[in-house]
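**Student:** Supplied in structure tokens, the structure appears directly below.
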Amino acid sequence: MKIAVIGQSLFGQEVYCQLRKEGHEVVGVFTIPDKDGKPDPLGLAAEKDGVPVFKFSRWRAQGQALPEVVAKYQALGAELNVLPFCSQFIPMEVINAPRHGSIIYHPSLLPRHRGASAINWTLIHGDKKGGFSIFWADDGLDTGDLLLQKECEVLPDDTVSTLYNRFLFPEGIKGMVQAVRLIAEGTAPRLRQPEEGATYEGIQKKETARINWDQPAEAIHNWIRGNDKVPGAWTEACGQKLTFFNSTLNTSGLVAQGEALPIPGAHRPGMVTKAGLILFGNDDRMLLVKNIQLEDGKMMPASQFFKGSASSALELTEAELATAEAVRSSWMRILPNIPEVEDSTDFFKSGAASVDVVRLVEEVKELCDGLELENEDVYMATTFGDFIQLLVRKLRGEDEDSECVINYVERTVNKLTLQMPYQLFIGGEFVDAEGSKTYNTINPTDGSVICQVSLAQVSDVDKAVAAAKEAFENGLWGKINARDRGRLLYKLADLMEQHQEELATIEALDAGAVYTLALKTHVGMSIQTFRYFAGWCDKIQGATIPINQARPNRNLTLTKKEPFGVCGIVIPWNYPLMMLSWKTAACLAAGNTVVIKPAQVTPLTALKFAELTLKAGIPKGVVNIIPGTGSPVGQRLSDHPDVRKIGFTGSTEVGKHIMKSCALSNVKKVSLELGGKSPLIIFADCDLNKAVQMGMSSVFFNKGENCIAAGRLFVEDSIHDQFVQKVVEEVKKMKIGNPLDRDTNHGPQNHEAHLKKLMEYCQRGVKEGATLVCGGSQVPRPGFFFQPTVFTDVEDHMYIAKEESFGPIMIISRFADGDMDAVLSRANATEFGLASGVFTRDINKALYVSDKLQAGTVFVNTYNKTDVAAPFGGFKQSGFGKDLGEEALNEYLRVKTVTFEY
């Protein structure tokens, strides 16, 4: 068809482009005159294509069509007028001229919200459904017959921008193209608009957008969001006109504590808090406003209202000055009517519109290596000088919005001055626990108190989950693309590497980890884990699936992998940072947000990690860390209805309880890495020296506090005595001492209660008749040191043969020469199945044994060889689900199937 497009804006441009792609001939484009020297996007696109463009300032004068305008239009011979978005009054001589008439897009479900500002009124009235109508133009105001309508859900915190960008813009373009297609096919309906339910509201202007405080919180929220961004809902307070933006009713976990803001006519004074400005309706319910515009046009976070703009200007480096000049050039391109962009140049007062905000954000992204600004950032810093300050702060990872006051405990240790956060980390801030509850965290090397740490309460869990939910549903984390998410995780890994000596020292101080091991494993593997999963972020893919066609139509079925939302992670005390990293890296790479409960006895590296997430630019609320007891903190995480996934490493007993809680609460997904009693079978044909070396490592690595530690060694009879002799010789060479000493092999056990359990474990072994070859006692020195211990003559019925010690205790049993199936039966006679191992030079034997061992990991002629790319997890009562590798990523993703018919 020959089509005349009458309208303006990016929406009009996209409709124009799509109609041309459909094969229609656009014979002319009618748009508005250039504004401040800038052409409208619709006219600009048409001019590039060589399509005639007309920019009439008006079509009528004194109610009559202008003959010269109508003549130019009629000369084109259009068969259909398409009005995607038009702010001008078009005379009926033009509307009725084409053979097929004229169709108009309107952003509401007519007959509701006829007239201007339809999107605003959809939100102001609190409509649960929104959408658009395409109708046949007549001489009424949005009263013509309906051709097509599409509806969508209006979300509780939608604004004009979010509703438009999510549905009205993309689906509206498709709807206009579909409507033209129906007209071309001769199947376009004409459905009379009902008058029942019809409403008409006028255009929203600044003078009419004043807030009426004598109404419920939900109505006030709807008024604010319905006027966000234009014209802006306002009130008078503090002697000036304040305009409110970014309102939400999601106030879960918020406490109305802060500085009062008296508002004339309001039911109660507002409250400026760290989260923003809390307002109250006449029903005493709260709503939260996150941004305020002052009367002079300055936009600021509501939380900063009483602080003003006190932060000092940054001094830019040479590289940053070069970036500033590149951005200045970008402003010049966007604002062609401005001869020179100075620090005081205001983006919007210089003629920029909303489309220019999008352009500026994209140009900055290209100039600054993918830096993701939000449109909101441009509105918050409208002058060039303020914009550059905001931009540089973001590039440095210290923008105002992410500034955080961190209280540290400082200790000079290991030739370093450690700065250790000790408060809960919730919503991007370090905060005290409810009631300022604290507890002591202990240095296991000497039993001294390192510092007091905030002790989370149930209410703190609720606050952390609310922060994570808000970050997932409404924050930047859910908006950035996957590659940028990966970039943030790479940056976090880089920061962990820069702080690796500090992190390893804290692990030694708080967990008793030998420093050299902590540097290589506790911290080193944590860094590798984040780098590995950062690389996965943009490789999370679904599939297309051939299904039976619904003849004569056809079908397309595809799957999408999506994050769960809020995940809870509960980590153990043996590898505090590494266990956090194994789960959290996969969780974040998948796009989730997380609430982490570190072990109560080892919270300090987790809290230091929280600080590094801020420096990396991870958005607020994505990571939350709440040290506390298993009950009530871990219990509340398991029970919480807004948590959709739990990842747990710990004992089988607690794992069963968590699994039950997850089932009873909301059937949340759970992955469990639980207890182990890993068998290590050593055959006579092995490399004995290597078997001794690896056998030692399998038991004594990390003081035996190792989930995959070999809980029982089966040694073939003909080499048993020689093996034991060599092991004892090696044990005697081990240096027990301060974990920060570089020549220490064996540090203190993690905490005193665990030390006592090891002593009881050894006493029971002796009582049942096992032979204690060496060790078995506490080392006579301050701290929680336990001797490396070796038991032989351990029979299958004994307690120490069946139960895990989780300490430096080697349990050795004999098996008859050549009796491979019998030893396999004994090795598998356990309810645990986390890991296992075999030493032999016979490849056939190794393959056979690895097939028969009932464990999630089998080591052959090695032990403890884990890698970030290799999945890790157990069988039987050692749990289910995997850490590490691609399989770990799938633990934090859910699969959605989508089927189309066409």
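Note that Cβ sites are derived from N, Cα and C of the backbone, with glycine treated the same way.
This is the feature table in TrEMBL:
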type: ACT_SITE; residues: H106; note: active site, proton donor
type: SITE; residues: D142; note: site 'Essential for catalytic activity'
type: DOMAIN; residues: 318-395; note: domain 'Carrier'
type: BINDING; residues: 571-573, 597-600, 630-635, 650-651, K757, 804-806; note: NADP(+) binding site
type: ACT_SITE; residues: E673; note: active site
type: ACT_SITE; residues: E673; note: active site, proton acceptor
type: ACT_SITE; residues: C707; note: active site, proton donor
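Could you place these features in context, so I can see how deep they sit and what lies close by?
**Tutor:** H106 (active site, proton donor) is surrounded by 22 other CB atoms, counting those within 10 A of its CB over all protein chains shown.
The Cβ of D142 (site 'Essential for catalytic activity') lies under 8 Å from the Cβ of I104, H106, L110, P111, R114, G115, F135, each of these being in the same chain and 6 or more residues away along the sequence.
Summarised as a single figure, the pLDDT of the domain 'Carrier' (318-395) averages 86.
In the shown protein chains, 24 other C-beta atoms lie within 10 A of the C-beta of F806 (NADP(+) binding site).
Same-chain residues at least 6 positions away in sequence with a Cβ under 8 Å from that of E673 (active site) are, in sequence order, F648, T649, G650, C707, L834, F872, G873, G874, S878, G879, G881, D883.
Residue environment of C707 (active site, proton donor) contains 24 other Cβ atoms, counted within 10 Å of its Cβ in all protein chains.
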**Student:** Ranking the binding-site residues Q600, Q635 by other Cβ atoms within 10 Å, which is at the bottom?
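**Tutor:** Comparing Cβ neighbour counts within 10 Å for the binding-site residues Q600, Q635 gives Q635.
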**Student:** On a simple 10 Å Cβ count over all chains shown, which one of the binding-site residues K597, K757 is most densely packed?
**Tutor:** K597
**Student:** P632 (NADP(+) binding site) has how many other Cβ neighbours within 10 Å of its own Cβ?
**Tutor:** 16
**Student:** Within 10 Å of the Cβ of I571 (NADP(+) binding site), how many other Cβ atoms can be counted across all chains shown?
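**Tutor:** Taking all protein chains shown, I571 (NADP(+) binding site) has 25 Cβ neighbours within 10 Å.
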